[in-house]
């Protein structure tokens with residue numbers, strides 16, 4: 001019985017040690033910075049994808065009644081396929097997932113192969129995926145510019161805590177207030193409850209307090225890196241779901 005308890009305790013300690021090592025080692029893992037690179041690229045690329053597709057598809061559909069919009073729409077879809085192929089390679093390079101593409105179309109004649117390309121669902125999923133890159137870029141850019149910058153400022157507090165006129169965070173004329181009101185009907189009366197939460201500030205005047213803030217900044221930075229890693233991992237699965245097994249844009253030409 002004693003040996004069993006000792007073995008269980010040892011296993012628990014080992015798991016805790018491995019978990020703590022995994023949590024603390026996120027800044028020194030190479031995959032962390034590959035994922036951060038992808039998340040940083042997602043904002044400008046996603047903005048480009050979103051604007052191009054919205055403008056191209058809307059103009060193409062709007063002018064399709066005059067037949068002028070059909071080549072515009074075809075160009076927009078073809079460009080989306082090219083962008084999807086670029087995203088496959090980018091995801092494979094920077095995120096831990098393999099996103100492959102098919103290179104051969106079914107059918108003996110070019111018209112049959114073009115019909116296969118047009119009717120395959122994987123041809124159209126990039127039109128859903130590419131605008132969502134802009135959403136990912138917006139979320140990741142917000143996390144990078146707020147959470148990580150705040151964490152860095154907190155870590156550096158011991159260097160300037162004793163200098164007047166320096167603030168960390170959002171500086172306003174008055175403390176932010178959050179009002180929460182609940183109304184309950186009782187007999188023929190309406191009873192209301194209002195709670196007011198005021199967010200104040202914390203003034204650091206001692207070195208131990210500054211070191212405590214720096215420790216909190218380290219924890220915040222580690223949590224932010226893990227959150228960004230998790231966000232990139234989820235988007236990698238999303239990319240594989242929508243982009244895997246789709247046709248390359250040169251499949252129709254290569255099948256001639």
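Residue positions begin at 1 at the first shown residue.
From the backbone N, Cα and C atoms, a Cβ is placed for every residue, glycine too.
As the structure is a computational prediction, the values presented were derived from the model and not from experiment.
TrEMBL annotations:
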DOMAIN    38-243  domain 'Putative sensor'
TRANSMEM  36-59  transmembrane segment
TRANSMEM  65-84  transmembrane segment
TRANSMEM  128-161  transmembrane segment
TRANSMEM  209-236  transmembrane segment
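Ranking 65-84, 128-161, 209-236 by CB pairs under 8 A with the transmembrane segment (36-59) puts 128-161 at the top. The list of residues near the transmembrane segment (209-236) in space but at least 6 beyond its ends in sequence, with Cβ under 8 angstroms from a Cβ of it, reads 23-24, 26-27, 31-32, 35-36, 38-39, 42, 91, 95-97, 136, 139-140, 143-144, 147-148, 150-158, 161. Below 8 angstroms of C-beta separation, residues 36, 39-47, 49-50, 53-54, 80, 83-84, 87, 168-169, 204-207, 209-211, 213-214, 216-218, 220-221, 224-225, 227-228, 231-232, 235, 238-239, 242-243 of the same chain, each at least six residues beyond the ends of the transmembrane segment (128-161), sit close to that stretch.
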